[in-house]
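Look at TrEMBL and you will find H536 tagged as active site, proton acceptor. The feature FAD binding site is assigned by TrEMBL to K131, G197, T221, G222, S223, D400, M406, L407, A408, H409. Marked as NAD(+) binding site by TrEMBL: G258, S259, G260, Y261, I262, G263, L264, E265, E281, G354. The disulfide bond feature in TrEMBL is assigned to C122-C127. Residues or ranges marked as domain 'FAD/NAD(P)-binding' by TrEMBL: 85-415. Taken from TrEMBL, the feature domain 'Pyridine nucleotide-disulphide oxidoreductase dimerisation' applies to 434-545.
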Amino acid sequence: MQSSISLSFSSPSTICRSDCSTAAVANGSFLTPRSLRFCGLRKEALNSSLPIRLTRLCCSNNNTISASSANGAPSSSKAQGGFDYDLVIIGAGVGGHGAALHAVEKGLKTAIIEGDVVGGTCVNRGCVPSKALLAVSGRMRELQNEHHMKSFGLQVAAAGYDRQAVADHANNLASKIRGNLTNSMKALGVDILTGFGTVLGPQKVKYGDTVITAKDIIIATGSVPSVPKGIEVDGKTVITSDHALKLEFVPNWIAIVGSGYIGLEFSDVYTALGSEVTFVEALDQLMPGFDPEIGKLAQRVLINPRKIDYHTGVFASKITPARDGKPVLIELIDAKTKEPKDTLEVDAALIATGRAPFTQGLGLENINVQTQRGFVPVDEHMQVIDANGELVPHLYCIGDANGKMMLAHAASAQGISVVEQVTGKDHILNHLSIPAACFTHPEISMVGLTEPQAREKAGKEGFEISIAKTSFKANTKALAENEGEGLAKLIYRPDNGEILGVHIFGMHAADLIHEASNAIALGSRIQDIKYAVHAHPTLSEVIDELFKSAKVKTTASSPIAEPVAA
């Protein structure tokens with residue numbers, strides 16, 4: 001989801017003031033690689049016209065408000081053990097959808113409860129519409145770069161855009177994907193139940209006035225934008241990412257509070273469409289959560305040459321929307337001393353301070369579960385933990401609601417992991433193998449540990465780390481595209497070849513990261529993969545050269561230990 005993503009960090013405030021929606025490592029735990037099955041939007045969701053194999057007709061009892069099964073007739077049979085369903089999922093975002101489809105593949109009678117719209121944040125207010133806007137900004141940015149176009153021998157007239165048409169492109173894409181998600185679940189026999197899901201007790205859920213039972217229950221309710229105290233959101237001049245994706249207007253000058261993934265992506269959109277941007281960041285440097293070296297390079301390319309200025313080490317203590325002919329007022333205070341620093345007057349303000357779990361009203365008190373800062377506590381199997389530290393039988397929580405890693409594809413992977421467990425396979429998801437990406441131009445991607453995190457881990461566990469780097473300037477395909485600005489960085493153990501982290505800034509970085517993430521997931525060592533063959537000339541050779549440049553002291557590969565708790 002464009003629910004976005006940042007590594008956990010400490011802040012003087014109890015509310016994270018930068019884009020902290022990606023806790024890459026939960027509670028500071030370090031995980032060792034293990035085989036992982038990845039899942040994002042599956043082929044059934046991306047194209048509902050593809051042939052779909054029906055693994056079974058899913059059924060509902062007469063007390064449910066259910067979607068029709070694949071043949072158009074309501075289903076009526078019971079699940080195993082006398083329950084209405086084998087699995088009920090509360091929340092139909094990407095995490096719930098991935099879990100539902102995998103459950104059907106495993107032969108489970110499955111229902112999904114949705115109180116809003118299918119697709120959740122990712123499809124409707126996050127990843128999907130934001131990528132539509134970023135596709136526009138990327139093309140605008142290229143067409144506006146006269147030097148870049150002339151380098152190809154191209155002459156292009158002044159580029160312009162239709163704001164409403166751009167907004168419609170984002171909205172239409174979200175509608176299409178939402179419809180495909182719905183159709184894929186219906187075609188496979190998942191019952192889609194409309195209403196707000198509440199856990200009444202063990203293996204019992206209520207939605208609307210209807211009570212159903214299930215052998216296992218998954219909470220997948222996602223998150224909402226986090227708005228710190230003192231900030232008044234009117235949805236017009238002071239907005240969250242939910243509002244910004246509608247692109248109802250393009251301000252001449254917009255302040256973006258938070259310079260993490262959400263803020264950085266929107267700065268790319270707004271500056272391409274003609275806005276001036278001011279970042280307000282609580283920490284002392286922009287782009288917290290990124291590997292520092294990558295962040296420094298990204299700032300030189302994505303911020304310094306553009307119409308962007310910034311204030312770091314400050315909080316926006318109060319933001320007042322524009323009214324009565326007055327601009328938006330932003331009062332800044334020092335993040336450490338809390339002393340007044342400055343006042344900004346801008347046309348609009350975007351609050352990009354991360355996301356908060358949507359877990360209120362779930363009925364957790366009925367099963368003695370207390371949230372932690374709004375997040376549902378879970379163990380490494382995503383099983384819910386009650387107030388006494390005991391596991392709640394047959395209840396799981398995935399995605400943003402548990403706070404382990406607030407990414408749509410992480411939610412889906414967690415959901416698949418849960419289904420594996422409830423169908424008899426002990427499965428632990430290695431969160432350090434899950435990649436993250438920021439879709440600016442050029443893109444930023446990462447997987448595993450940053451260099452400071454790796455050095456901290458090495459110090460605690462008593463091993464050395466090494467760094468390898470490759471430049472896009474040496475890649476033939478990047479040079480052919482006149483996109484030589486970029487860097488790939490590998491953090492690894494020279495004694496045994498273990499990959500600790502990979503960070504990429506450059507053209508199509510979000511696509512290139514998966515070779516590294518899969519290597520971590522599968523427990524592959526550098527000496528195992530450095531002789532892999534890549535097509536020439538392709539951008540993939542950036543990663544090929546990165547692994548080849550690593551200096552491992554041994555040629556033997558040794559098994560990687562079992563993962564620890566996530």
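Keep in mind that glycine also has a Cβ here, set from the backbone N, Cα and C atoms.
Quick caveat, the model's predicted, so the values are computed rather than measured.
When the binding-site residues G258, G260, E281 are screened for a Cα within 10 A of the Cα of A408 (FAD binding site), none qualifies. For the pair formed by I262 (NAD(+) binding site) and the residue listed as 'active site, proton acceptor', distance between Cα atoms is given as 34 Å, rounded to the nearest Å.
If you take the Cα of G260 (NAD(+) binding site) and the Cα of K131 (FAD binding site), they are about 16 angstrom apart, rounded to a whole number.
With a 10 A radius on its CB, I262 (NAD(+) binding site) counts 32 other CB atoms from all the protein chains.
The NAD(+) site in the record is lined by G258, S259, G260, Y261, I262, G263, L264, E265, E281, G354, and its two most distant CA atoms lie 15 Å apart. Overall, the recorded FAD-binding residues K131, G197, T221, G222, S223, D400, M406, L407, A408, H409 cover a maximum inter-Cα distance of 30 Å. The domain 'FAD/NAD(P)-binding' (85-415) scores a mean pLDDT of 93 in the predicted structure. Other C-beta atoms found within 10 angstroms of the C-beta of C127 (disulfide bond) number 26, with every protein chain shown included. In the shown protein chains, 16 other C-beta atoms lie within 10 A of the C-beta of K131 (FAD binding site).
Note: the Cα of the residue listed as 'active site, proton acceptor' and the Cα of K131 (FAD binding site) are spaced 28 Å from each other. Taking H, G and I as helix, E and B as strand and the rest as coil, DSSP gives the domain 'Pyridine nucleotide-disulphide oxidoreductase dimerisation' (434-545) the counts 42 helix, 29 strand, 41 coil. When the Cα atoms are compared, K131 (FAD binding site) and G258 (NAD(+) binding site) turn out to be 19 Å apart. If you take the C-beta of T221 (FAD binding site) and look for same-chain residues 6 or more apart in sequence within under 8 angstroms, you find I90, G91, G197, P357, F358, T359, L362, G399, D400, A401.
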